[in-house]
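Q: Can you read through this structure? Questions will come right after.
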Amino acid sequence: MAAAAHGGDYLRRFVAETEWYNAVVLSAVAPGDWWRGLPHPVQSWMRNCVGGYLLYFISGFLWCFVIYYWKRHAYIPKDAIPTNEAMKKQIVVASKAMPFYCALPTLSEYMIESGWTQCYFNISEVGFSMYLCYMAMYLIFVEFGIYWMHRELHDIKPLYKYLHATHHIYNKENTLSPFAGLAFHPLDGILQAIPHVFALFLFPTHFRTHIALLFLEAVWTTNIHDCIHGKIWPVMGAGYHTIHHTTYRHNYGHYTIWMDWMFSTLREPEDILKKD
């Protein structure tokens, strides 16, 4: 049932929640109280930008420290380590795109607060078993949506040329790094994340879980661009995604390999090793 059916008092709970997020984040990073006079969606966008940059840089730098310095050569051959210059370029691309990316969670919050979606506030409203069922449907839809959005960004030539090619300049192991995970044309990044927003209109979705999943995308994309094959079935880890960056025609999936298996685009990392 849409949140709007509960009335204004119910919707006010979503607004109060995001107002609290804004107050916690913006009071910590912005001097003074000048931001309190800004419209609520602008405050939310600013807070999302802060969160996006923090997640991107913290996850990126920590993971680079582990795999390139602390455990140097334990996971990645010496000739597969990207140069500092390559990582700097990825950081510049992602940093320029971040304010645009953060418009998407801001828009989803606005639609939720307006009662246009199927979002609910507390898990207790549906029960834990139904929460898990709805979340499974949400994640399956998102996996399906991202697979086909990603695939069409390759198959439709103008979309590839003007949008997705920005990300695919990183096409060898020594040009991929955790920082490449968000190095997209802004519209490309938004299109690939938009199934998260479409799902809100189709499935009852827990508000905090939705927000968490949107921002965990930054952590997930860091992971799948580190070129380390984790060998955890059926996870679409970096071993699979590295193949995508080198063949361009395989492994379009996001969290799992299931969509690629269903639509015959899966290529196993072991197949590459056998070929070599």
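Heads up, the Cβ atoms here are built off N, Cα and C, so glycines get one too.
The domain 'Fatty acid hydroxylase' annotation in TrEMBL covers 136-265. Residues or ranges marked as transmembrane segment by TrEMBL: 53-70, 91-108, 128-149.
Could you give the neighbours, burial and distances for every feature on this list?
A: Secondary structure of the domain 'Fatty acid hydroxylase' (136-265), assigned with DSSP and counted as helix (H, G, I), strand (E, B) and coil, comes to 89 helix, 4 strand, 37 coil.
Within the same chain, residues 76, 81, 87, 91, 94-95, 98, 177-179, 181-182, 215, 218-219, 222-223, 226, 228 sit at least 6 positions outside the transmembrane segment (53-70) and bring their C-beta atoms closer than 8 Å to a C-beta of that stretch.
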Q: Six or more residues beyond either end and a Cβ under 8 Å away: which residues meet both conditions relative to the transmembrane segment (91-108)?
A: 41, 44-45, 48-49, 51-53, 56, 60, 117, 166, 179, 181-187, 189-190, 193-194, 196-197, 200, 210-211, 214-215
